[in-house]
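**Q** Quick one: structure below, then a few questions.
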Amino acid sequence: MSGLTVSIRGRNGAFAIEAGFAAEGGVTALFGHSGAGKTTLLKMIAGTLRPENGRIAVGDFTLFDAQKGINLPPEKRCIGYVFQDARLFAYMSVKRNLTYARWAGHRQATRSFDEVVALLGIGHLLDRRPSTLSGGERQRVAIGRALLSDPALLLLDEPLSSLDHARRQEILPFIERLRDESHVPIVYVSHEIDEVARLADQIVLLSAGRVTASGAAADIFPLIDAESEGGGVLLEGIVSAYDERYKLAEIDLGGASFQLSDAGLKQTMHVRLRVRARDVSIARKIPEAISIRNLLPVTVTGIERGEGPNAHVFLDFRGRRLGARLTRRSVDDLGLSVGDQVVALVKAVSVDRAAIREK
């Protein structure tokens, strides 16, 4: 089995959905505002809601094909589903919840109980009941239960939405380990930009039941920024040096360097950085005697003026997209136009620490 392929049309009551995308592996984030159709699409993949036509497959394993009359029931789809709430059996210990999944999976195990427990850091919880666990612990157990059913695909439906910020930060590293070590394709539903920036390898944007864009996270993420103050772009690079005196890591972005305040990075690490448009300024030339360390040569590729005081300037940095949110007055004062060669100024501290990921 390999990646997920979806090409379907259907309805959930009066709500119509039309979706087509392919996900090769890792984490595919379904992103959109509330009511965009994320959970409806997930239910169609899981088999709890039937599309009207189209096809859904994981590699060469067909889950649904309207033309061929194939519509596997949920229990035959080899899918692990994690809900917004953990839905653990309250009368069972954590260990029994996990071993139940092994029994219910009906497939030959490819990963051991101990491996899954170690992966999610839940060994110390095995004898406890769900009612004694924190929200983050319950979700880790729920993910473990899904993984022990030996799925070909994991569906995570806003698994962190019921948790506060502290609990989210507690569980995110375990989801990253799941992504990097389990080798199970994951479809991750979220409307939280921070989670998508940190976890996603691919992004599928949904709006009013339709896929508006899909592709690699670095390519699609700037489209989110166009609609959100909190968005930005994703840049990937390698830690090329570390300054012990000033506690700054230098990231090689392929011909240009980027300095980042100490975040526990080590030399040769592959990392992903998130740069918000609101933290990018523009200069006509490299300024002298300036405290900002990250100066990137860029080309203006577009200017979008809103009705308010702000404008969004689209930039190209060595084939990668950047954005800057400026006032319209600043755009006019600088005389910016498409094709201009300018300098993007990014504060080192403006890079989202939570979005740093080791590849």
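Glycine residues also receive a Cβ, built from the backbone N, Cα and C atoms like all the rest.
The domain 'ABC transporter' annotation in Swiss-Prot covers 1-233 and rests on sequence analysis. Among the features that Swiss-Prot reports, ATP binding site is placed at Gly32, His33, Ser34, Gly35, Ala36, Gly37, Lys38, Thr39. According to Swiss-Prot, the domain 'Mop' annotation covers 289-355.
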**Q** Other residues with Cβ within 8 Å of the Cβ centroid of Gly32, His33, Ser34, Gly35, Ala36, Gly37, Lys38, Thr39 at the ATP site?
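**A** Residues close to the ATP site, other than Gly32, His33, Ser34, Gly35, Ala36, Gly37, Lys38, Thr39: His191, Leu206.
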**Q** Near Gly37 (ATP binding site), how many other Cβ atoms are within 10 Å of its Cβ?
**A** 22
**Q** Around the Cβ of Lys38 (ATP binding site), how many other Cβ atoms lie within 10 Å? Please give the count over every shown protein chain.
**A** 25
**Q** Averaged over the whole of the domain 'ABC transporter' (1-233), what is the pLDDT?
**A** 88
**Q** Near Thr39 (ATP binding site), how many other Cβ atoms are within 10 Å of its Cβ?
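**A** Total other Cβ atoms inside 10 Å, all chains included: 18.
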**Q** If you count other CB atoms within 10 A of each CB, which of His33, Ala36 wins among these binding-site residues?
**A** Ala36
**Q** Which one of these binding-site residues has the most other Cβ atoms within 10 Å of its own Cβ: Gly32, Gly35?
**A** Gly32
**Q** Reduce the DSSP letter at His33 (ATP binding site) to three states and note it down.
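**A** DSSP assigns His33 (ATP binding site) to coil.
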**Q** Give me the long-range Cβ neighbours of Ser34 (ATP binding site): same chain, 6+ apart, Cβ under 8 Å, in sequence order.
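**A** When sequence neighbours closer than 6 are ignored, Ser34 (ATP binding site) has His191 within Cβ distance under 8 Å.
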